[in-house]
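Trainee: Here it is, the structure, as structure tokens.
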Amino acid sequence: DHWKPFAVKMEMLVRSILLLFIWKGLSAIDVPLEIRQPPTIIKQSLKDLIVDAGNDMVIECEARGTPHPIFSWRRNGKYFNVARDSQVSMRRRSGTLDIYAWAKPEAYEGEYQCVATNEYGTAYSNKINLRISKAPLWPKEVLEPVTVSVGHPLVLKCSPPPGPPKPETYWMSKVSMGVNGDLYFSNVYFNDSATDYCCNARFPYKNIIQQKMPVTVRVLTTRMLSEAPPTFLSPAGKSSTQIAMLGEELLLECIAAGLPTPVITWTKDGGGLDTTNMRVKNQNKLLQIPKATFEDAGEYTCTATNKIGYQEHTTTVLVKAAPFWLEKPSNLVLAPDENARLVCRSDGVPQPSIQWFINGETIEDATPVPNRQVSGDTITFHSVTVANNGVYQCNASNEYGYLFANAYINVLHATPRILKPRTTLVKVIEGHRAWLDCRYFGSPMPDLRNLEGNRFKVHSNGTLQIRGIRMEDQGTYLCVVSNVAGRDENQVKLEVKEETKILKRPDNMKVVRGTDVRFECKAKHDPTVSITTTWLKNKQLSLDESTLVIKNVNRGDEGNYTCVIKTEMDQNTASSRLVVMDRPEPPTDLLLSEPYERSVRLTWTPGDSNNSPIKEYLVQYDDDDWLPFKWRNLSTYPGNLNSVILQLSPFIIYEFRVIAINDIGMSKPSRSSEIFRTGGAPPDAIPKNLKGVGTWRNNMMISWEALNNREWNGPHLKYLVWWKRRDSREEWKNATTWWCKYYIHNTDTFTPYEIKVQAVNDFGLGPESPVIIGYSGEDRPTAAPLNLRVSKIEATKVNVHWDPVPHSSIMGELKEYKVRLRAMKSRAFPASGPRLTGVLSGLMPYSNYKMYIVVANNRYEGHPSNTIDFSTPEGTPSAPRSFRIQQRHLDTIWVDWDTPGEPNGIVTGYTLKYQTVGVHFALRRYDRYTRYRFTIAARTRIGVGESYTEESPHYTTEGKTQRVSNNTFARDQVDLSTQGWVIGVMCAVALFVLILLVVCFIKRSRGGKYPVRDKKAVTMEPVDDKDQEGSFDYRYETKVGRSQTTADTIMTRTESDDSLVDYADGREIEFNEDGSFIGQYTGLKERDDRDTEFSESRSQEAHSPIYSFA
């Protein structure tokens, strides 16, 4: 068998290395099933087979051969007729047994052996020991109580049911348990007394736990404990021997009794222990060697020591070994006249014995063959013939086990052939290894040759291996198989591809829950192959995309994400870790310990930090019985603590919960702890806001704020009140009350007392409050202030002066002096020192007032003083009450206003200012769309008062209604002067008016003549040149004398009186016959009936003022 590149000629194979094996048994033979061959066992059950009777019992046996073998079974060394047993069946084309065992499964326990036979030989399986798994109950026995004195040793036996298999035993106790399952007490204590010492056995096949009847241990106490030297409870005596099996676990136990408890130490062969391959457990009582070797044999000395003495025990360890293979016999396919040998080499302690069989028959009883020679563990064949065909069995055994193997001799003559399936195309990545398969068979075995070069190697099964593939290795290879009987060949095409490389790897990410993450993975690959990108999360298929986007991540998205770039020949991976940070999980397992009156220790188990370290813990408490689940913050603690001492108040019922906090936020609260109540103590708090105040002239009420429930510190809270007269030698008096006030009766008027209070409960007295001064009740003052007077009278304020009253007449604490005025609220002047003056403000200008003063203490006012009169001078008026702007014509603006709400004197005129909005200084509206801002203010002789400002409406040609101010509406006017129909209507109206005037004139000319005085010329005052924005000035034409009026009179005079006199130019008004008004006034147009009339307050002595337009 040799390989060569098909593209080159045979002579390019410069050198071939012939690998011709003289003993064909050294090579592994892959015989195709189409070639005749003896049976071979390929599958069988374990030698020691333990099954559960509740399930079907299966004993496996599979074999191959040509022709297909026939199966039979032996049980306990005898032929087992499977067909005649209704509870047993054999599977088709298999030797596997199915045992249903509906009744008495124990009857099928025993040793089974499978036999596979065809015309070329017989193969045998191992001997399989079938056992039924058992979990028997402990007997229902009554165990007598065990009585032992304190300090003495004690051993409680377990003795579990034997099985099979051997059960696992354990006790519900922290005392040392021996290897055999017994419970050992080196010395018992009084608290070892119990009634429930139970040994438990777990049977693994059934997963059943059996419990022994509990045993009661009673420990007797004595006045003194007697110390005792060490003695061994296990193992017994001074020495013992223990056999360890090679490769299995070795346990050496040393449990000693004594008081004080002995300390255990170990030595080996008089020296120290090499703990490389061994472990010391259970406080040095157990020495464990997981896998024993021959080096572990020796003498192990256990020393138990206490202060009374010591004791030694030596265990001699012997390491034994069941047989194990050194060289296992293998199947041989031989051509006639070839030489071969079968080797069955094993070892063990003791040395195994070798026995050979042919087709299940001992070789000594088999038909002798001249060319076969048996020599111990080797059978040698010379010039084999078909007479040597058969299955040879090798059995290597000692007292600890056996080995059994089948190997056949198959002598035949076969031409070379390449086995199917034949490989025709191999694709490989550059730089990798390539395997070009060429499985073959022939007899005699074809030669094996190597191609030239270190990178090429031909394996015994015909596979050509090429290491470090290069691009120039691409091409077609020819596999040629030949022997003396013929040849066969196969062409294999090799294609070399570029390696797939990842250029951009996904990054590790640590994000907050709820954000979006994006992983990218880009690669370079051979252009002749297709590529797929797959994302895996924790080795599970996730998504087929080059970019992975996870929206709104949560804790379930956390894990390792792997990008798999895959072609048909190779793949490359890149992994990244996604860590999702979140608020921590709540703490669990809250435990309260170390209770005291004012503290308790709280311990908890931290919850998962969710990848963000816990910075601190918030401890909350609930102590309100009436409103449960009203949690309050108690304190915070660093995140590295899970056990803290809480400072609490006495005699309070508490529940606690804990909240973990990290950079992301707060966890949910933990479950609340158990209810805890602190012990009682005397009160710590002092009642607050203590005061003594009289409620009547001969008593005093002592009051304070009640302590809240958390300040009681115990049951039945009361208050102890103390009092005595100040600066007296009398003893302190006291009283106890449940309430927050206490009354003292029969006191003198306004007498000072020293007062203090303290809280009391069933556990004692609390601290006393500081002493304060309280006063008994007050009475009505007996004197009135004298010599009331005023000074510095202004329009709105005046200075008030008075003489004080005697202190003894106040009959209490001087609180204030109260000034009372007619139609006004009283004004109080607090007593701050010897105060005898004050400023009375808020007066109305131009008013008459009556005033008196009284003195007041905390409860009563005294008698009034003398009454005085005074008048306030004029002041500036308030703003006019309204201001209206109207447009009578397109080029004229009409304004009117109401009188001021508070004239504060005699109004002498008004000042009207205006300015254009956007255009300056124009009175006549040359542009009908110009807007004006008007400001109106009344004026007395003192000065100008508050102003009122409005803007004229904005008129356009669009005919829309606009709101100009809060109380003024205007209709935008349309310029109708150019409309024809309007001109016609106006002409008709003019004609009608003309006719009406003629008629009126004729009618009037018929009446009598009445003298009409010439109207008095009114001089118009010039406009103030300093007012750059323009103004109108209104003044009285006649001087009016000032009259003193009261505030009530002023309010009456400010009402507007509607009269025709207001429209006249002088003092005398003339009328015609029908009463019509003949006089003219200086306004630009007649007053419209809808306009508001102007009027001013008039005194009784003065004539009505006539306003002039300047």
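Placed from the backbone N, Cα and C atoms, the Cβ positions cover glycine too.
Okay, these came from TrEMBL:
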COMPBIAS  1084-1101  compositional bias 'Basic and acidic residues'
DOMAIN    586-681  domain 'Fibronectin type-III'
DOMAIN    686-779  domain 'Fibronectin type-III'
DOMAIN    784-875  domain 'Fibronectin type-III'
REGION    1080-1110  region 'Disordered'
TRANSMEM  981-1002  transmembrane segment
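How about a rundown of where these features are and what they're close to?
Mentor: Across the range of the domain 'Fibronectin type-III' (686-779), the DSSP-based residue counts are 3 helix, 42 strand, 49 coil.
The average pLDDT computed for the domain 'Fibronectin type-III' (784-875) is 86.
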Trainee: For the domain 'Fibronectin type-III' (586-681), jot down how many residues DSSP puts in helix, in strand and in coil.
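Mentor: The composition, in the requested order, is 0 helix, 47 strand, 49 coil.
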Trainee: Within the domain 'Fibronectin type-III' (784-875), count helix residues (DSSP H, G, I), strand residues (E, B) and coil residues, in that order.
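Mentor: Its residues divide into 3 helix, 40 strand, 49 coil.
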